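Student: Sharing a structure with you now.
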Amino acid sequence: MLDIESQKSPKGRWPTPPFDPRFPNQNQTRNCYQNFLDYHRCVRKMNQRGKGTQPCEYYFRVFRSLCPRSWVQRWTEQIQEGTFAGKI
Amino acid sequence: MPYPFQLGFQDATSPIMEELLHFHDHTLMIVFLVSSLVLYIISLMLTTKLTHTSTMDAQEVETIWTILPAIILILIALPSLRILYMMDEINNPSLTVKTMGHQWYWSYEYTDYEDLNFDSYMIPTQELKPGELRLLEVDNRVILPVEMTIRMLISSEDVLHSWTVPSLGLKTDAIPGRLNQTTLMGVRPGLYYGQCSEICGSNHSFMPIVLELVPLTYFEKWSVTML
């Protein structure tokens, strides 16, 4: 579930993340963070209900495109250690 | 690229930079006109024997030299605001590239499809080949497709830096903990140089940026070789 490698983007025509009207300005920090949170929340909820996590893939691809690798790595480690500050 | 004894901007490689160039021409012309008028009037004042010691008011000329500057300022403001809003237009990018500033190099990440990332260090002066530009060349250039709207996301891993490419009219601060977005659209293939524009330590002058804009097929071939 938390393994990025197992959720690699499909080899299809994934255009880059579209314009998100919730984040219209120069500062896209929240765009990256929000999609990261949404992905993990989606996966958690789907797993709770026993459903597949395929619909969560959109959030995964958006944060993979937008978020710097170092940030994703740091947050993933924090989630694994239980020290992640966000609500998932 | 910059050249010795350069007076103006580098040639524009993006539509926004073209607009900025023309706006600068327009505004600089107004500046020259006003300055030469003022200098001319000063020289007239200093070289006349005529005097007028009983001036009480000058309503007509005061009206003119209030209204006319107001009109000139409006003529400057309108194109300026037009370009400002043009820079903020919503466009749909075809590619996202992230760049992280470090002390003292840039790293680039292309993660739309696979995980492509590399560092870009300046080539030291002793290792330059003949014809290469001092303090501007890098080992790994940023290869990008030409004539495509590209979303650039800029941040930093340590201190403040600033990612600049003057030919495309781009300058965006790299701030740790913040992800700044800018839009890149090059209309011509070629090499475009820039330098870090925010003081970041001893080698601040030695972390340049080089964009290599190429046709899409070359970009796709290159990205496969870099994986």
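Every residue gets a Cβ built from N, Cα and C, even glycine.
In TrEMBL, annotation is done automatically, which means it is predicted and not curated.
Remember, it's a predicted structure, so these values are computed and weren't measured experimentally.
As annotated in TrEMBL:
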- B:1-91: domain 'Cytochrome oxidase subunit II transmembrane region profile' (DOMAIN)
- B:92-225: domain 'Cytochrome oxidase subunit II copper A binding' (DOMAIN)
- B:27-46: transmembrane segment (TRANSMEM)
- B:66-85: transmembrane segment (TRANSMEM)
Student: Using DSSP, what is the helix/strand/coil residue split across the domain 'Cytochrome oxidase subunit II transmembrane region profile' (B:1-91)?
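Tutor: Summed over the domain 'Cytochrome oxidase subunit II transmembrane region profile' (B:1-91), the classes give 61 helix, 0 strand, 30 coil.
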Student: Using DSSP, how many residues of the domain 'Cytochrome oxidase subunit II copper A binding' (B:92-225) fall into helix, strand and coil, respectively?
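Tutor: With helix first, then strand, then coil, the domain 'Cytochrome oxidase subunit II copper A binding' (B:92-225) has 19 helix, 61 strand, 54 coil.
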